[in-house]
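Input: a single structure, listed below in structure tokens.
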Amino acid sequence: MGGCFSKPKPVELKIEVVLPEKERGKEELSASGKGSPRAYQGNGTARHFHTEERLSTPHPYPSPQDCVEAAVCHVKDLENGQMREVELGWGKVLLVKDNGEFHALGHKCPHYGAPLVKGVLSRGRVRCPWHGACFNISTGDLEDFPGLDSLHKFQVKIEKEKVYVRASKQALQLQRRTKVMAKCISPSAGYSSSTNVLIVGAGAAGLVCAETLRQEGFSDRIVLCTLDRHLPYDRPKLSKSLDTQPEQLALRPKEFFRAYGIEVLTEAQVVTVDVRTKKVVFKDGFKLEYSKLLLAPGSSPKTLSCKGKEVENVFTIRTPEDANRVVRLARGRNVVVVGAGFLGMEVAAYLTEKAHSVSVVELEETPFRRFLGERVGRALMKMFENNRVKFYMQTEVSELRGQEGKLKEVVLKSSKVVRADVCVVGIGAVPATGFLRQSGIGLDSRGFIPVNKMMQTNVPGVFAAGDAVTFPLAWRNNRKVNIPHWQMAHAQGRVAAQNMLAQEAEMSTVPYLWTAMFGKSLRYAGYGEGFDDVIIQGDLEELKFVAFYTKGDEVIAVASMNYDPIVSKVAEVLASGRAIRKREVELFVLHSKTGDMSWLTGKGS
């Protein structure tokens with residue numbers, strides 16, 4: 001493992017450095033008269049990209065034969081605040097009527113393909129019903145996360161009381177749009193030991209920071225470094241779909257980074273940061289100067305410290321290779337999952353159809369108790385038991401026993417011995433900030449990096465985002481919190497980038513997360529730590545419910561299964577700054593207005 005541009009180490013050094021395709025100019029042409037952008041390989045030498053490797057850019061104004069136009073409805077067919085999916089021959093379009101105006105957009109969320117017509121329309125944007133991403137209905141732009149791409153916006157005209165939509169056939173089929181981005185024009189890119197922006201960590205926060213800089217017109221050098229051997233990938237899928245291959249998880253193809261001049265250093269470990277000289281040092285000794293620094297190192301999974309911890313086939317899930325190996329070894333074997341949090345339960349659910357047996361060991365009385373409460377936790381536990389998962393609650397692992405070096409049994413403190421060929425440990429994580437201890441960058445007692453609303457650390461020019469930070473949560477009276485959610489990391493990465501450019505942006509996102517188990521999705525919005533009551537509407541046994549988490553007189557979080565789009569609705573209300581009172585929820589449940597959420601907007605029913 002090593003840093004960037006270092007001397008060759010044939011076995012250990014693996015670097016993925018992707019450089020920009022420079023603007024064509026006379027001084028940049030090769031002897032053949034063709035532009036010759038270069039990329040550094042693992043040994044520090046340069047190679048030329050061939051013409052066929054270049055990205056093709058579609059013409060921004062499609063010819064008439066590439067477009068389709070049709071009348072999709074009468075002007076009176078939609079009321080203000082309504083949405084409808086309409087067919088346009090080559091694909092569907094989301095038609096929206098808001099404040100008397102019609103808007104036509106892509107109909108699927110670019111994140112995971114949710115039908116936006118089932119989402120929430122509010123304040124000039126539509127919020128995805130599945131994961132909470134928000135899109136501006138006037139532009140199609142992504143305004144809140146998760147996800148990277150925006151929606152296509154189509155032309156609308158009114159003639160003789162009919163609504164016509166015109167769209168390119170290609171846009172109808174793609175259903176996603178990458179924002180216009182700058183390219184790197186820095187003459188030193190790839191040749192210098194300095195960079196304008198260095199991003200440590202290539203998860204959601206790091207990638208969104210880099211993309212936001214380019215979207216805002218930043219054309220200087222950006223270096224993104226990661227401990228992973230892969231380009232940025234969809235990490236939440238690791239525990240939900242363990243046999244997904246790395247190339248299927250990629251958030252952007254290699255050509256994307258090349259096109260927009262975002263250099264990616266893989267398997268590059270930062271060991272020290274010197275804020276006085278603005279230099280970072282990599283494990284192989286290479287030093288890189290920066291002007292602005294984003295720290296997004298993420299977290300490291302906790303491991304077991306019991307007797308026998310060195311036996312083989314005991315895993316944490318941190319990389320695609322970890323996940324792939326677990327599912328390969330688990331087929332037809334006995335699996336023990338330690339920890340009944342989101343990661344552990346997702347892994348257990350996924351392996352039930354592949355393993356001979358799946359057992360879960362947990363210190364609490366019920367899964368998710370601290371996060372979702374006793375009643376919801378028990379309902380989910382029953383769902384797992386109905387799918388042949390065995391639980392060992394209120395105990396922990398005291399010993400891992402092996403045979404010929406490989407795991408054979410898990411011994412619990414309750415004295416129970418559980419057969420196990422594979423053990424997956426999901427007992428939480430700690431911030432991966434050890435390399436910052438002597439840097440002068442502030443860390444709290446748990447190792448998290450405290451930041452302000454603008455994602456700034458205590459050191460000027462140094463920002464932090466993602467799982468390793470604590471930040472003030474605006475709608476919870478700026479309470480300092482750590483929220484290791486995929487969606488939150490996206491938002492923090494964008495705010496950090498905006499403030500690198502002195503835009504004075506602040507974090508205002510409402511946390512939104514989701515999990516999937518046995519084909520059922522649970523959605524959650526808000527920040528429920530410290531809740532003192534849970535109000536449930538629906539049927540827990542049927543797993544069709546919404547749970548409101550309250551503290552005092554205020555709703556601070558909501559969770560649901562088979563009750564869409566109520567979580568997105570609540571998230572939108574909280575994002576607007578309006579508090580939801582406990583009494584409102586109690587009346588909602590009392591009158592059993594199942595599915596009716598008009599009370600949230602104050603419109604009545």
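Note: Cβ is positioned from N, Cα and C throughout, glycine not excepted.
Not measured: the values here are computed from a predicted model.
Per Swiss-Prot, these features apply:
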- Cys109, His111, Cys128, His131: [2Fe-2S] cluster binding site (BINDING)
- Gly201, Ala202, Gly203, Ala204, Ala205, Arg235, Lys240, Val270, Asp467, Trp514: FAD binding site (BINDING)
- 70-165: domain 'Rieske' (DOMAIN)
- 22-45: region 'Disordered' (REGION)
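Annotated features, which come from Swiss-Prot, shown on the structure.
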residue : record                        : DSSP class
Cys109  : [2Fe-2S] cluster binding site : coil
Cys128  : [2Fe-2S] cluster binding site : coil
Gly201  : FAD binding site              : coil
Lys240  : FAD binding site              : helix
Asp467  : FAD binding site              : coil
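Around the Cβ of Gly201 (FAD binding site), the same chain contributes Cys225, Thr226, Leu294, Leu295, Ala296, Pro297, Gly298, Gly466, each under 8 angstroms and 6 or more positions distant in sequence. Working note on the binding-site residues Cys109, Cys128, Ala205: by count of other C-beta atoms within 10 Å of each C-beta, Ala205 ranks first. Across the fold, the C-alpha of His131 ([2Fe-2S] cluster binding site) and the C-alpha of Lys240 (FAD binding site) stand 15 Å from each other. Annotation for the binding-site residues His131, Lys240, Asp467: lowest Cβ count within 10 Å of the residue's own Cβ, Lys240. Residues within less than 8 Å, Cβ to Cβ, of His111 ([2Fe-2S] cluster binding site) and separated from it by at least 6 positions along the same chain comprise Cys128, Trp130, His131, Ala133, Pro146, Gly147. Within 8 Å of the centroid of the Cβ atoms of Cys109, His111, Cys128, His131, where the record puts [2Fe-2S] cluster, the same chain has further Cβ atoms from Pro110, Tyr112, Ala114, Pro129, Trp130, Gly132, Ala133, Pro146, Gly147. Model confidence over the domain 'Rieske' (70-165) is summarised by a mean pLDDT of 97. Here the CA atom of Cys109 ([2Fe-2S] cluster binding site) lies 21 Å from the CA atom of Gly203 (FAD binding site). Distance between Cα atoms for Ala205 (FAD binding site) and Cys109 ([2Fe-2S] cluster binding site): 20 Å, as a whole number. You'll find the Cα of Lys240 (FAD binding site) roughly 20 Å from the Cα of Cys109 ([2Fe-2S] cluster binding site). Counted within 10 Å of its Cβ, the other Cβ atoms near Gly203 (FAD binding site) come to 25, all protein chains included. Cys109 ([2Fe-2S] cluster binding site) sits 25 Å from Asp467 (FAD binding site), taking the C-alpha atoms as the reference points. In terms of DSSP helix, strand and coil, the domain 'Rieske' (70-165) has 3 helix, 50 strand, 43 coil.
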